[in-house]
Amino acid sequence: MNWPYISPEERRITMVSVPLDVILSVPMFLRAYLLCRFMVLHSKQFQDAATRSIAALNRISMDFRFVIKTMMADHPLTVLVVFTVSYWICMSWMFTQCERYNGRFTADHYYLNSLWFVTVSFLSVGYGDIVPSTYCGRMLAITTGIVGAGVSSALIAVISRKLELSRAEKHVNNFMADSKLTNQRKNAAASVLQQTWFIHKYQRSANKGDDLRLRHHQRKFLNAINDFRRIKWDQRKLQERGNSLLDVGKVCG
């Protein structure tokens with residue numbers, strides 16, 4: 001069977017003879033649905049009769065979608081790494097079969113280049129040093145880019161969830177912040193009382209230079225009141241945040 005080959009240097013299409021077995025071997029990876037069926041039949045959820053009964057009562061079908069979501073919830077990084085490596089290997093082999101029959105390089109050289117091309121396309125890098133020369137290779141490149149974008153999004157979501165603080169850690173941070181604000185509030189209240197005493201002192205004084213001191217302590221008195229109000233507002237927001245964490249904990253529990 002003749003296979004169209006697009007020369008990247010000359011921009012010219014030539015027909016290359018390709019064995020029919022190669023063309024028929026590329027779609028064999030569609031049988032990967034058997035692996036999905038194997039995962040469902042050998043999953044803990046499917047083998048446990050109690051779990052299947054509860055799922056049936058809640059109208060949840062014990063299919064591949066439910067199993068893969070459960071695995072992503074329990075072991076997200078393992079699932080993504082295994083899928084990514086398997087996808088790279090399979091796509092590299094398919095890309096090699098599509099691109100190897102122009103007679104320019106050996107099969108081993110094509111597989112290494114294909115593995116490099118699939119990897120950079122999967123990661124949405126695309127250096128442009130290797131380009132597909134057949135329509136089959138271009139379709140595989142498009143598919144690799146789409147799948148890579150989805151896996152990258154899932155990986156970012158998993159990493160964000162791993163970096164997020166737990167409810168207990170948030171309680172610890174809230175307790176430390178509340179202790180700090182409590183000390184600041186005490187210091188602000190003491191500063192208000194201190195400036196009040198100075199204002200009362202210099203108001204009753206008859207010295208000429210005490211007017212400037214009185215204005216100075218009045219400004220510090222206003223600043224202390226503003227600091228006290230700000231700290232009190234921060235404590236209120238922190239308390240509301242802690243109450244929301246307790247409400248979420250009750251709902252999850």
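Any Cβ shown, glycine's included, is placed from N, Cα and C.
TrEMBL: automatically predicted annotations, no manual curation.
Predicted, not measured: the structure shown is a model, and the values here were computed from it.
Look at TrEMBL and you will find 12-34 (among others) tagged as transmembrane segment. Beyond the transmembrane segment (12-34), the same-chain residues lying 6 or more positions past its ends with a Cβ under 8 Å from any Cβ of the stretch are 1-6, 90, 94, 97-98, 101-103, 136.
Among the features that TrEMBL reports, transmembrane segment is placed at 77-98 (among others).
The transmembrane segment feature in TrEMBL is assigned to 110-127 (among others).
The transmembrane segment annotation in TrEMBL covers 139-160 (among others).
Annotated domain 'Calmodulin-binding' per TrEMBL: 178-251, in sequence order.
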Per-region confidence, the domain 'Calmodulin-binding' (178-251) (mean pLDDT, whole number): 82
For the transmembrane segment (110-127), distant same-chain residues with Cβ under 8 A (at least six beyond the ends): 84, 87-89, 91-93, 95-96, 99-100, 140-141, 144-145, 147-149, 151-152
